[in-house]
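Q: Here you go, one structure.
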């Protein structure tokens, strides 16, 4: 998942210097002045983002390397994570969504006052951030899946799907879509598709995309220079995005709540900053203890609504409770480095692990396989970031003139004589 599971720290601070906090009354207060302390605290989000990505990698490696301990056979005959256990890979997705809700909302809040920034520019930004590494990853997954599992070979852990419906669905971010799943059940037509090939975790990328679309419509169309025509044009996208996201609730998932908690902290950021650090510290401690009770005593699932809400509060109040620039300052560069390639890591690590398990299983011990999977997953993620993801800014800049309209110059006032 995530951004998060795609976040955009660079865009966040670039935008922060261009606009004012919305909601400020009286004299306008420049964002750069209000956030001078926060600017140096962003290492906290880098650390949390990098940690959550590593949790996903470590958890998936554990299931694949030690299936006797962490996996169970499902109805399709494949091995998957045991539902009665706490799995760090799933919890990493929850954290990703919290970060996404907070950071994307903060970025949009700071840029809404720019007349040149609207829904189109926002969607181009999000598309470039997500698809720049995703499109080549789709090609690689199809080609290498077919190479590794040639001759009718299968995986013990996943069902490989490379049919046209699956490819198109993944291109359109419609894999594992709740709306299409309901439509398929009602019509009997093969409308629902799963993630492409060995890239099983990509369902969270699609969920994130539709959250972005729905949020963008609300924040940049309905609440930002709204008109009846704009609202009517955006309504179908909003309805589909909302139905897609809310459809995840049917299975008891509270993932959307994790994103909404991050959103709430960002939307009302000035009020949150005004709360004393001691209160945020107490709130963080309380939610951590509550989470322990949820997991150890009540045995709630990782995606349970209560868990998702508490995680959101713990993560963002945790940001406000300390001067993280002092705590993380000495390790700021390595923390930022690990965070930088976390999205690429999320995209490619699982496929690389599936390929390796198929190729070397039985030739190495469980611990050896575990180390190999973690190392290979991180290496592949770093390579994918260097080859593709780090160029997303160029893709965005190339697309913007094609999609967005130039803003009309503001009329100059006539001099008062």
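Note: Cβ is positioned from N, Cα and C throughout, glycine not excepted.
Here TrEMBL flags 43-374 as domain 'Acyltransferase 3'. Marked as transmembrane segment by TrEMBL: 51-70, 90-109, 130-149, 200-223, 235-268, 274-293, 300-321, 341-360, 369-387.
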Q: State the residues, same chain only, that lie 6 or more residues beyond the ends of the transmembrane segment (341-360) and have a CB under 8 A from a CB inside it; answer 'none' if no residue qualifies.
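A: Counting only partners 6 or more residues beyond its ends, the transmembrane segment (341-360) has Cβ contacts under 8 Å with 1-6, 49-50, 52-53, 56-57, 60-61, 64-65, 96, 129, 133-134, 137, 140-141, 144-145, 148-149, 153, 155-158, 197-202, 205, 369, 372-373, 376-378, 380-382, 384-386, 388-389.
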Q: Given a Cβ distance threshold of under 8 angstroms, which distant residues of the chain, six or more beyond its ends, lie next to the transmembrane segment (235-268)?
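A: Distal contacts: 23, 93-95, 97-103, 105-106, 109, 177-179, 181-182, 207, 210-211, 213-215, 217-218, 222, 301, 303-309, 311-313, 315-317.
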Q: Please check if the transmembrane segment (130-149) comes into contact with the transmembrane segment (369-387), where contact means 3 or more CB pairs closer than 8 Å and the residues in each pair are separated by 6 or more positions.
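A: Per Cβ check, the transmembrane segment (130-149) touches the transmembrane segment (369-387).
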Q: Are there residues at least six beyond either end of the transmembrane segment (274-293) with Cβ under 8 Å to its Cβ atoms? List them, or say none.
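A: Residues 307, 310-311, 313-314, 317-318, 320-322.
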Q: Give residue numbers and ranges for long-range contacts of the transmembrane segment (51-70): same chain, 6 or more residues beyond its ends, CB-CB under 8 A.
A: 1-2, 79-82, 85, 87-93, 95-96, 99, 156-157, 201, 338-339, 342-343, 345-346, 349-350, 353-354, 357, 366-367, 369-370, 373-374, 377-378, 381
Q: What residues elsewhere in the chain lie close to the transmembrane segment (300-321), defined as a C-beta under 8 angstroms and at least 6 residues from its ends?
A: 41, 44-45, 48, 83, 86-87, 90-91, 94-95, 97-99, 101-102, 252-255, 257-258, 260-262, 265, 272-273, 275, 277-278, 280-281, 283-284, 287-288, 290-291, 294
